[in-house]
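Quick look at what TrEMBL lists:
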- 447: ATP binding site (BINDING)
- 47-156: domain 'Ig-like' (DOMAIN)
- 161-246: domain 'Ig-like' (DOMAIN)
- 251-346: domain 'Fibronectin type-III' (DOMAIN)
- 416-686: domain 'Protein kinase' (DOMAIN)
């Protein structure tokens, strides 16, 4: 029933109140907002006023309740009032953090305790408390024109500490003091913090620094380290995320010119301190001081730690600005401040003016005659030789950061001659080419893209892969020879071209596949393990440089003429500047059968994710190019792995090799081996293998008695079955004299080419030249034992 004179509030107004659209809570303090809401709500809800009751006051307010997640919680309010039996008792409204609980589970009853005394009790019940139920609670009633509020109670959930501030990734200069913060909360309190550096505790729970909020003050770091913290309370221990502090060299100083001539500077500087990481190289930039646009600097890269450099081919009596930055294995230092230097006077000024006018005329004639928007002909080459690069690269519309990275790898297009096409896809092709380098000609592979059908982001990804590769210098990692721009007549603007070393034998997956089908030379087990070792060496190098490949597979490894494997195709790779993981920010097509289980779940990639992919690549090599998980759809892979399934041991795989690849697929990334460990184990396995056997020797294989389960993944279960066959040498081969029909088959003849022989000889593995042929025919079919 309703109190006299009190009408219902329109439903639309009620909706606006609860949504917070009618009034802004930011515009008023908490108490004023509470009173406003109570007035409106109580006015709209009918019999909530106290009528003629007087002396209304709260005897019991909500308590402070500390509970655990999922438990039931009850809060009580009790108020007393004076009035007769005919008076209507007030309704009690519950609020959390000053917001009315419209759909709360409340129970209210009132008792006439005397001739003119009322006691009203209200209970708020929460069956299973959740995190969203935490907050401050109050009861409210309307007495005449006054609002009456109880004191505040609260619901707090206790459990393991939770973090509001934790260590994060950052870069610091060597030996410079820094502070790290870690803040954890209960309840229950107190919460104490233990700091860890590379997993080693730095303090005890009794130390003053342990009390949260905790600040760790470091006088300086000389080695890149990972910091994390543990929060302790009486409920247990919680661990924060880790933050890697990368130590970079300090800024070079004392940059000066030791000698100045009419056309050169001899520069000298003092490299900064790099902590435990020596200076590996220094970069020098020079520009005329009036040029302020990015990308118009001339860069020299000193691939050693010397602290001096000659800059030649400068203009006489001209002002230049120079600066230097030095690099350690952890990254570059800050640039030194610009230093202005002027070359000495020299030459005939009128001669230089006349030459400048002539160049200017030729330049304008070239522009006038050209029908293209991009400069193809003569470009007014100033002495720092940046005009062509600036004009061409700017027309591509790529980021300034990428332009800066490409400056020192640009190659003159006229030095490159294109040949036949080696392969072509939807978005580009790979061609043979000849690159004129100094006084020699080098056979190269040229990677192009169809610029007309590619988006700007795809073009940036194409060039970013090239910029990524320029940092690599390892015999088992594909290196970049250069980048150039060619203008395609039909497209009217430049198309980027990436120049790579020529790989005679193509990609590893195709080579393995053809060897299994008989189109390539016989591959002994020693060569297969060598392939694995080469890839491990390359990936160890990449991981040490903080690169995550994200697409490691046999198809992305290349074989050169010496049968050495190079890790390639860095289109999905990422450099992790400030940490040990990378989170993919956008959904894209990914090779799911090679991806680690944690990456499938949340798109987080680490070096240990690459270790998982390396294990799958080892399996590809051991099976000579088979596709992983045959019969399992891409959409089913995650559930398949989550159920504990893994690739089974191939029929011709050493137990030790399979054990190594299986360790790459452990559920917890931290339990997987590092690439350094994998490389050491593979090198040891390679040394322990016997000398290469003649591929034409007769091998008898039992084809009948097989109790092994091949299953969807086409291999043996690692817990049972007969020992592997071919990778173990002759000890696992049984020769017999009695031959039942259809039970035994023979290994056929194989041909060994020169490149493979050379490669095996380099491994001290003699290759037999036996060519005996013993074919076996059973029921009209020839059987082949693929080693």
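Including glycine, each Cβ sits where the backbone N, Cα and C put it.
Counted over residue pairs 6 or more apart, the CB atoms of the domain 'Protein kinase' (416-686) and the domain 'Ig-like' (47-156) come under 8 Å in fewer than three pairs, which marks the two as apart. Annotation for the residue listed as 'ATP binding site': same-chain Cβ neighbours under 8 Å, separated by at least 6 residues, are 428, 429, 430, 497, 498, 499, 500. Counting residue by residue with DSSP, the domain 'Ig-like' (161-246) contains 3 helix, 47 strand, 36 coil. If you take every residue in the domain 'Protein kinase' (416-686) and average the pLDDT, you get 83. Applying DSSP to the domain 'Fibronectin type-III' (251-346) sorts its residues as follows: 0 helix, 46 strand, 50 coil. Secondary structure counts, DSSP: the domain 'Ig-like' (47-156) has 3 helix, 63 strand, 44 coil.
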